[in-house]
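Structure, as structure tokens:
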Amino acid sequence: MACARVWIPDAEEVWKSAELTKDYKGGDASLQLMLEDGKVRMMMAGRGLGLSLFMLYPRLFHKLDPKTKNLPYLRNPDILVGENDLTALSYLHEPAVLHNLKVRFMDSKLIYTYCGIVLVAINPYETLPIYGTDIISAYSGQNMGDMDPHIFAVAEEAYKQMARDERNQSIIVSGESGAGKTVSAKYAMRYFATVSGSASEANVEEKVLASNPIMEAIGNAKTTRNDNSSRFGKYIEIGFDARYRIIGANMRTYLLEKSRVVFQADEERNYHIFYQLCASAHLPEYKTLKLGGANDFLYTRQGRSPVIDGVDDSKELCNTRSAFTLLGINESYQMGLFQVLAAILHLGNVEIKERDSDSSIIPPNNHHLTAFCELVGVTYQDMSQWLCHRKLKTATETYVKTLSRLQATNARDALSKHIYAKLFNWIVEHVNKALITNVKQHSFIGVLDIYGFETFEINSFEQFCINYANEKLQQQFNMHVFKLEQEEYMREQIPWTLIDFYDNQPCINLIEAKMGILDLLDEECKMPKGSDDSWAQKLYNTHLKTCTLFEKPRMSNRAFIIQHFADKVEYQCDGFLEKNKDTVNEEQINVLKASKFDLLVELFRDEEKATSPTGQVQGTGGRTRLSVKPDKGRDSSSKEHKKTVGCQFRNSLQMLMETLNATTPHYVRCIKPNDFKQAFSFDPKRAVQQLRACGVLETIRISAAGFPSRWTYQEFFSRYRVLMKQKDVLPDKKLTCKNVLEKLVQDQDKYQFGKTKIFFRAGQVAYLEKLRADKLRAACIRIQKTIRCWLARKKYLRKRSAAITIQRFTRGYQARCLAKFMRRTQAATVIQKYQRMYVEKKRYRQKQAAALAMQTILRAYMARQKYQGLLRQKKAVIIQKRVRGWLARCWYKRCLRSIVYLQCCIRRMRARRELKKLKIEARSVEHFKKLNKGMENKIMQLQRKIDEQSKENRLVNDKLVGLESSYTVESERMRGELTRLRGVEEDNKNKANQVSSLLEELEKLRKELSSTQQEKKTIEDWAQTYKNEMEKMVSDLRDQNGLLKTEKDDLNRLIQEQSQQMTEKMTRAIAQETQQLETDLNEERSRYQNLLTEHLRLEEKYDDLKEEMALSSHVSKPGHRRTDSTHSSNESEYTYNSEYAELEEGSRAAEDVTRGIDTSLTLKLQKRLTELEQEKQSLRNELENKEEQFQRARARDDAEFKKARGAELEYESLKRQELESENKKLKHDLAEMRKSLLGDAATGAGAPGSPAYKVLLEQLNASCEELEVRKEEVLILRSQLVSQKEAMHHKETMTEPSVYADDVSKLKDADELKQAYVGLKDTNRSPRFMRQSLDVSDLLSRLRSAAPDFHKLNEDGELWLVNQGLKETVRLLEHQLQTQRRTYDNEVESLRGELQTVKEENNRQQQLLAQNLQLPPEARIEASLQHEITRLTNENLDLMEQLEKQDRTIRKLKKQLKVYSKRIGEMGAGQAEGQTSPGQMVDEPIHPVNIPRREKDFQGMLEYKKEDELKLVKNLILELKPRGVAVNLIPGLPAYILFMCLRHADYVNDDQKVRTLLTSTINSIKKILKKRGDDFEMVSFWLANTCRFLHCLKQYSGDEAFMKHNTSRQNEHCLSNFDLAEYRQVISDLAIQIYQQLIKCMENILWPMIVSGMLEHETIQGVSGVKPTGLRKRTSSIADEGTYTLDSIIRQLNAFHSTMCQHGTDPELIKQVVKQQFYIVGAVTLNNLLLRKDMCSWSKGMQIRYNVSQLEEWLRDKGLMNCGAKETLEPLIQAAQLLQVKKKTDEDAEAICSMCLALTTAQIVKVLNLYTPVNEFEERVSVAFIRTIQTRLRDRCESPQLLMDAKMIYPVTFPFNPSSLALETIQIPGSLNLGFLTRV
């Protein structure tokens, strides 16, 4: 059919696409084709040359094979190109596979592709960010077909099948050198180590990964194809226990390339370990090896490429040594290994010289041989002897034969290879020992990293063995693929026939069967004179005519050709026998066995045992080991040579095939895209060679032979619904598909109907896709036709309407124009009439005006003439007057000038005389000027001198002022002295002479003062003169100052502008800094909450270990699965009185599980030890600071105490005396009451529990309460008496009571008494009785009673007793103060002793640490861990003892406190029974003070007994069902009840009760969450109640910050005795843990819904169609749990929200939970979108945007749009927009860069690479456009991480939310069974 696209062979590109230009008919011998790229190429070549149309579209005639008549391969539709699975292609053949791989690799940058059960991996030669931990987490638990192809998907499938099917698994990684086999195997093992974890304390997964650098160092080398090529095969078995956690591993190696030790081709290297040693030779620890550079040794310089770009060999050696250490190979063994390796290098440099043609010699004192002998501990003479000789044995004698130079060199190289092989096997053996554990292996996953099919220009024995192994693996692969294919057909119950597939058994028989190539090779090796030539002739004679797979080259008799499954390979026979024998001179081995070097002896110790090429030792544990049993009848010294290399390899390969056949295989085929190691460069020729060699095309051929395309009925219905008519759609989808398919495809052999799938032959899907595309195209054409018709009609209607409108407006315009013309005509007539009238009127007026003007002019002329005559006459008179006056003035002026002239002459004569004098003076000045040149400088000097004089003037002024002041002072002093002297003169007349002298001196001083004043006046005059001179200068300076001020203003303005700019800049900087601080705060909060999570995890791990040990002590069955950590059998609910017992049990459990603690726990303990040391140092510093503060406080308190001691002691003594007197009375009354009770008890009436007994007890309690009231009143009155103590004397008081009465009568201020009473009442700690204020007037009347009352009061000396009691109290308090001081000194001494103990402990810790550092790593870890556990155990025991002592002390003190409280309560009874009070009169009856009291009311507290605490916790926490509480009761009721109980404990000042209640509450909540942590309702309920309890603790803490919103009644309910700030922090941490548990519970519920609901489910039906997905569409690893939709997610979100609202969760906390929910939805959806190519399409972007809009609508309905949840969906929204926007031009690229700000560059590029059209109408994203995007986003500073962290939890905060609910109004429902609580 014309226009069909086909593939035709091409010499360069292997296959080229072309299009059929002419229909093919049955008899045509050729096809007329047009190359797909011919148009572009020819147009470019012929641009401007005027080529014909034929040249622009060149035709190609493709000739068909006349025998087969096979047509070219057809191309797949474009929408199928780039599929994840090659089996999803409709046409399965080589060009389709090659093109699909190329498109994925080059355009989409995808290196993994499925091909049925095979994962094809193409080496990108570039580091890709697709192997991180986030990618591992994304693939963990996923079905293999749900995600894009990846090595992690294969590893996950193997891991899940191992767990599900209880069957061992194998991952077979193959490919040629440089294809990436080792890396793929390494990533597979990393995946197992990450997802499974370790079951032991040794971190086996780290050891498994640590074996990689070791094996790469000793087994990998640089080749021309790969810088890190594995030169050996290996099979690693990773063992798992019954819980599928890694417990160990075992490694088998195959066919080490020993020849590389002694020879390397150009551009190749020896094994890496040699170059690592040479690169580190300069280090001190390697000086003994006597190494140099790599170019100094023959074995390392032959390839002339000693350096690999980008690889630091010295650093790699450090990594290798670290891996050795981790695997338990200590430093001494490592140095021993390096000695052996260095010895091999020195041995290669040993120069052997030719003595003659048959003998050779080593020169004496050979430097390298000497170094070799020193390193391996052998003698120089023996080694030099046997390197040039060998011993031959016959039946009768033994003789020594010399070796030629060539033979000796070969023997030397053979010895080097043999030593290296032994060393390699020894390292493998010790690696296996380090990876083996004692735990029983339940299952294993094997990873086979083996060489792929190889063919070179020269192929030898190594290539023969490699290709033989690949033949065996290919046979196993073909059988497995065929088996899976047939099982699929049988499972779907469709008729099938035997599929013919290539069986390579004949080729395997040619190699390994009897008389095969290996048998003939072994037989030839046994011949005494066997050679490669004779062996080749045997091969020709045996197989040339009998086997079609064996051929002989035409031009050679020393080679043969084998037709392998991949290609023909020509092998050169040279060296086959020697390599198969692998002989070593026995005498050389004996010399090495006699070495003094222990490690070398150990290497050759098992020389007697015949081992496999791997050198493995039979181990334990039931694993299969590669070993060959020796022939016991032969001589042990030669047994190692009896098994040839070929025989050993065949046996090892057979055992490997048995192992693989016993497992479920998974295949990874690595492809090398080019030979130049260029990143993302694809060479089709090389790729096709490897695809043919690795069996991928064979898989395609087997699949294509049957039914390669498979669709489920639902997928088929969804995809091809457009091909069905409405009547064809039936309720039964299966029947609908059958009916439709029968109509669409007439040939029923092209498809088959299975139970769940429809199977199609090759090409049928492409045919259906063509039908679908044609149907869609026809529908599009119809839609286009209809739309175009609608658009044309709409356009016509618009034009018609426009024409009618134009006509209407035109006609109207014409009518308006006619009317306008008519109006204008009429108007013109009227205008003409008025115009003519105006013209005539104007003409008349002009004539009239002209006549009048002429008359006016004539009359004016006549008047002017008359006026001119009069004027001339008047002017003549004036002229005459002026002339006469002028003549008179002229005469006067002449007279005046004459007089002036005379005066001038006289004055001139005088002036000349004066001028002569001035000239004389001028001449003298000029002379002075000549003599005094440079006067300006002198003037400046004078100016400076004036300045100095001004300074001196100021100094003189200052001095003058000082003298004046001193004079004034002296005057004052003298006046005082004068006054004194005058007084003395009056008293002492004898000193008159002195007074006169003083007067004289005073007169002198006065004279001096007057002289000083004169000097001052002179100076002031001079200063005034100077001041006048300076004023002029100051004026000049002011002018300059003005200029400077102007400049200053300019500068100020500039500075102000700069300051404003700086302010704005600082504002921005502060804003940025604030934002950064907020970010840091969130990060710090997140780290803190992560630490809490880690702490919780460790606690759970500790509990699990305890449970495991408890269970293992009772039950120890093999394979027993771990019980759930939340399970508890036959367990009491919880006992909190055994806290110390739990601590002891915990310490014992910690000792029991010491061996179960892993290295991570050790590191955490060491970190914790460091933290404790730091905390100890901080506590030490704090102790010293506290001591200093205490010293200062004590000194200050002593001073204050002395001041306040008087009044306090008096009050205390008065109180004590009264209490003692009352106590005596009450004891007496109580004793009588007890006697009466005992008396009644004899008759049984007063027995405990009887009614009489209860009545008496009630009366006693009432009496006690009444006594407390009376006691308080008496103390108030006594305190007022004491306050008046200073106004009277005690002795006079006892003898003269009237004085005391007078003093008491002075108490007139009633407010003082009232205030004192109220203050004392407020300080009372027992607010049980709320009384009203005292009747002050009554109190004053009693106090102001007459004196005889006080006299009678003091008759018995009561006031004297008070005074005596006061003195005794003072002495008692002094004694107590001294006792407290001594106690404080003792405490200080004890603290110093403890400090010294801590210092000693610190020194001991440092010594132990130094000792531990000297131990090996394993012993160091074990010793440090043991020491830390011992130390912690001892500390726990000490703390337990201290706690027990303190507990006993507290209980004792509390008992004493209760006794004292009871006694105090009894002391008020005496006053109620008639004792005389100090404020009463004796004659009057005793009346108590009238103090009215308020009745009792509820204070918002709940009282419970200590023994009811367990019942409270059990009923309120452990057995409480959230559903009933949330529905029927107020939110947060348990939190309110717990807080009210806590208030009562605080009210009674019961420290232990507070502590135990809080501890019990916290532990109970933890326990219930551990049991039911997966119940969202339970976790939400306790999160709400924990937050409410935390808010209550804050609201009623008494802190002003939390009391702002309280009512006055709520402020009365604040805690009074205890500060619970520390407990608030603990409860806040508990709330954080509950929040994180809530998020995890929510994740577990939401996670399975997200991908299905957000991505897979079609919310908008019919928008996206299902594409073919191939074999990997679904795996059976996880059973189908149903399909979730977006409605399922929204319903679940509604359930979460309603549950939290019912439980009374804080609104801010609900917002944080919703934000976290939406983040999880967005992150999981985006991560799956980035890892699923089938989801990256335009239609899927529309689906995602619709789903996101529905979620936003949900937020809007709930009023949560401002909670930040919408912002968390921004990356997903932008990814959906990216799928929908146009992606072609640079403008589109700019729009994408500006739009996708929430996506990283890696995510944007990934989405563009994955973008896949679902229909033919969509276009793919070009590579150039992606490059443009990368260029534009190059400057972004962001994380290179591809996936979002779906496990990230935002840090939670708990904003304070006070409750308006009054505690006293809360009622406890009976359903809670809390009847034992009493309201207080």
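Glycine is treated like the rest: Cβ placed from N, Cα and C.
Per TrEMBL, the range carrying the annotation region 'Actin-binding' out of 193-215, 653-675, 722-744, 1734-1756 is 653-675.
Within the same chain, residues at least six positions away from GLY178 (ATP binding site) with a Cβ under 8 Å of its Cβ are ASN123, THR223, ARG225, ASN226, SER229, LYS672, LYS677. The binding-site residues ALA179, THR182 differ in how many other CB atoms lie within 10 Å of their CB, and the one with the most is ALA179. Between the candidate binding-site residues, GLY175, GLY180, the densest Cβ environment within 10 Å is the one around GLY175. Cβ neighbour count for GLU176 (ATP binding site): 23 (other Cβ atoms within 10 Å of its Cβ, all protein chains included).
The ATP site is set by GLY175, GLU176, SER177, GLY178, ALA179, GLY180, LYS181, THR182; from the centre of their CB atoms, other residues of the chain with a CB within 8 Å are ASN123, ASN226, SER229, SER230, GLY452, CYS670, LYS672.
Cβ neighbours of SER177 (ATP binding site) (same chain, under 8 Å, six or more residues apart in sequence): THR223, ARG225, ASN226, SER229, SER230, TYR451, GLY452, GLU454, LYS672.
Listed in sequence order, VAL173, SER174, GLY175, SER230, ASP449, ILE450, TYR451, GLY452, CYS670 are the same-chain residues six or more apart from LYS181 (ATP binding site) with CB atoms under 8 A from its CB.
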